[in-house]
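Engineer: Annotations for this protein, taken from TrEMBL, read as follows:
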TRANSMEM  6-25  transmembrane segment
TRANSMEM  46-66  transmembrane segment
TRANSMEM  72-95  transmembrane segment
TRANSMEM  102-123  transmembrane segment
TRANSMEM  135-154  transmembrane segment
TRANSMEM  166-188  transmembrane segment
TRANSMEM  194-216  transmembrane segment
Amino acid sequence: MASAQLTIRKIVGIIGNAIALCLFLSPTPTFRRIVKKKSVEEYSPIPYLATLINCLVWVLYGLPMVHPDSTLVVTINGAGILIEVVFITIFFVFSGRPKQRLVIAAVLAGETLFVAILAVLVFTLQHTTTERTMSVGIVCCVFNVMMYASPLSVMKMVIRTKSVEFMPFWLSLAAFLNAGVWTVYALMPLDPFIAIPNGIGCIFGLAQLILYAAYYKSTKKMMAERQPMIGLSSAVVRIGSEKVAQPSS
């Protein structure tokens, strides 16, 4: 029975890895738009910075000398670190606000320093995997909840503007599915450090999907109304340029 449970857990973990990879890659269309427009517009770097620190502490948690038999946790979060570094670099390059760039750089430095200090303290002051699992697990819980809660600022903007234009649907869906699968994984056997934050993540992900469904039609209407205005502005600029180019008689 125990062997069967571990096999099922491994299968769920592999599925969780696949969905988590989709979660990490889901903002790709957003970053294509950023590169194409050479501007981050109203997008926020907070979700990507929160995801990066989350991946960093989970890689630490999954190391054999901290929490044995957690290879799947290490592999997916290691991939997540690489993906988030690419996204944050793109965000940094195309952010036209020096203050925002400074904040991103400061947060990155703070996250790196925090994980380094945590690793040194855990490996020097604690000498059993049980102690290390407890310490790092609590930290992981906190940052995992922060990652899932990071879109709250975007959700507030959605409610205020009645538009989901800057809340990517695929990111919300992937977050919900990812949290659900890892919650199931954490119940076979029970791992509260994975189960608790991912259970909370399910609630946040579901809230985002409900908002998306509530404001999808109003967003399409607002974007459709904006198109004629954009076209008119372009026409005015073009006519003005033509007049300037005409030689005076």
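Glycine too: its Cβ is placed from the backbone N, Cα and C atoms.
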Engineer: May I ask you to check whether the transmembrane segment (102-123) and the transmembrane segment (46-66) make contact, with contact taken as at least three Cβ pairs under 8 Å and only pairs 6 or more apart in sequence counted?
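Structural biologist: When sequence-distant Cβ pairs are counted, the transmembrane segment (46-66) touches the transmembrane segment (102-123), since at least 3 lie under 8 Å.
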Engineer: Checking distant contacts: for the transmembrane segment (6-25), what same-chain residues at least six beyond its ends satisfy Cβ-Cβ under 8 A?
Structural biologist: 51, 72, 75-76, 79-80, 83-84, 171, 174-175, 177-178, 181-182, 184-185, 188-189
Engineer: Is the count of Cβ pairs under 8 Å between the transmembrane segment (72-95) and the transmembrane segment (135-154), pairs 6 or more apart in sequence, 3 or more?
Structural biologist: no
Engineer: Give the nonlocal contacts of the transmembrane segment (194-216) in its own chain as ranges (CB under 8 Å, at least six residues past its ends).
Structural biologist: 73, 140-141, 144-145, 147-149, 151-152, 155, 158-159, 162-164, 167, 169, 172-173, 175-180, 182-183, 185-187
Engineer: Is the transmembrane segment (46-66) packed against any residues at least 6 beyond its ends, judged by a Cβ distance under 8 Å, and which are they?
Structural biologist: 24, 27, 72-74, 77-78, 80-81, 84-85, 87-88, 91, 104, 107-108, 111-112, 114-115, 118-119, 122-123, 129, 132-133, 136-137, 139-140, 143-144, 146-147, 150-151, 153-154, 171, 193
